[in-house]
Amino acid sequence: MGKYFGTSGIREVVNEKLTPELALKVGLALGTYLNGGRVVIGNDTRTSSEMLKKAVISGLLASGVDVIDIGLAPTPLVGFAIKLYDADAGVTITASHNPPEYNGIKVWDRNGMAYTPEKERELERIIEEEKFKRAPWNEIGQLKQANPREEYIEAIMKEIKLDNSYTVVIDPGNGAGSIISPYLHRELGNRVITINSDPHGFFVRELEPNKESLSMLAKTVKALKADIGIAHDGDADRVGVVDENGEFVEYEVMLSLIAGYMLRKYGKGKVVTTVDAGFALDDYVRGLGGEVVRTRVGDVAVAEELMKHGGVFGGEPSGTWIMPQWNLTPDGIFAGALVLEMIDRLGLIGELAKEVPRYVTLRKKIPCPNDLKAKAMEEIAKLIPREFSYEREITIDGIRIENDDWWILFRPSGTEPIMRITLEAHTKERAESLMEKAEKLVKDAIKKASS
């Protein structure tokens with residue numbers, strides 16, 4: 001990670017590390033880097049988003065860059081608008097699934113792909129040196145407002161076709177997806193019920209769509225006998241799914257199902273995922289004639305590998321999916337529509353999920369200050385061989401150790417002050433035993449790093 005940018009742009013607590021002053025410098029740095037051109041900018045529903053957006057816009061205009069402000073917008077709408085308006089870059093003001101006190105700044109290139117670490121380091125260099133381009137009075141950038149929502153919905157409807165109508169419950173989590181996702185599904189011919197769809201910055205539920213945070217969605221689907229529940233995080237770059245039985249569909253299962261559907265739809269090819277994805281994806285994709293490629297965590301890494309390998313689909317086991325035939329921006333709204341197309345062609349999720357191999361996946365977050373992460377990872381690397389016997393090690397992002405029937409990933413979060421442990425085993429007992437050892441190892445490593 002750089003000084004400002006992590007695995008998903010800048011993401012910090014507002015008015016502590018992420019201030020209007022820093023946002024202004026990011027705008028100036030991006031404008032200096034682009035040296036002219038046009039930038040699309042949008043924001044999520046957080047109370048601080050307008051403040052930060054205006055600061056970024058000021059920096060861009062001051063450096064001579066024209067800005068198209070599309071207002072309240074989910075991340076995928078920004079990615080779509082970059083191409084629609086032939087922009088040179090895009091900026092999203094969002095902290096995605098982080099708590100409401102956080103916000104962030106994420107930059108996208110002209111192809112809708114997140115800025116690579118190399119480009120982010122260049123922006124950091126410009127910020128640190130403060131050698132900003134400042135346009136003369138008669139060359140200051142122009143600011144325009146636009147609303148590409150209708151064009152976005154129309155474009156999705158050209159890609160997604162349903163032969164039948166479904167009852168869909170949508171939970172956008174009071175985020176930016178509230179302004180599009182329900183309307184899209186109505187246009188697709190579905191009966192739509194919404195919960196948590198008021199787009200305010202005081203979120204009713206935890207923004208990360210998981211089994212616990214989507215308990216109300218699950219109850220609603222079951223009570224209404226709906227066909228499916230669709231959920232998003234704060235900026236709708238993710239999708240979470242509840243099946244027709246009111247059961248949350250684990251991310252590993254959904255990742256396998258949608259990867260399989262993309263292989264059926266577009267033909268055999270490579271599926272790109274991250275080091276925290278489990279064995280089920282490999283087994284399922286291999287059975288359909290596909291191949292899995294792994295990379296570091298983060299949508300930009302997935303997008304890079306998709307371009308490198310000409311992959312048919314890229315996804316993380318967090319509900320973050322990239323459909324390269326559509327865009328290189330992770331798009332939870334398009335993904336939700338794609339899930340409906342899949343059940344329209346193949347059957348309801350609860351039945352489809354039975355085809356996916358089931359292993360036990362456990363995840364744990366352990367608090368760790370950002371400035372201790374590097375030292376803690378050094379200590380973890382020393383302790384792992386003493387505590388575990390394993391056959392393979394992968395170090396492209398954190399440390400992943402593997403045997404044929406289990407794996408563990410130790411990784412510092414790029415967006416929060418935590419260490420993440422993700423593991424998978426064939427049985428619950430084995431998984432819990434491994435997690436107990438792994439958790440103790442990480443806590444010991446953090447303790448050593450802090451002494």
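Residue positions begin at 1 at the first shown residue.
Just so you know, glycine gets a Cβ as well, placed from its N, Cα and C.
Per Swiss-Prot, the features are:
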MOD_RES   SER96  phosphoserine
ACT_SITE  SER96  active site, phosphoserine intermediate
BINDING   SER96, ASP233, ASP235, ASP237  Mg(2+) binding site
*If you draw a 10 Å sphere on the Cβ of SER96 (phosphoserine), how many other Cβ atoms land inside?*
27
*Using the recorded Mg(2+) site (SER96, ASP233, ASP235, ASP237) as reference, state which further residues of the same chain have their Cβ within 8 Å of the centre of those residues' Cβ atoms, listed in sequence order.*
ASP44, PRO74, THR75, THR94, HIS97, GLY175, LEU207, HIS232, GLY234, ALA236, ARG238, PRO330, GLY332
*Taking the Cβ of ASP235 (Mg(2+) binding site) as the centre, how many other Cβ atoms fall within a 10 Å radius?*
33
*Could you state the CA-to-CA distance between the residue listed as 'phosphoserine' and ASP235 (Mg(2+) binding site) to the nearest Å?*
5
_Count of other CB atoms lying within 10 Å of the CB belonging to ASP233 (Mg(2+) binding site)_ = 32
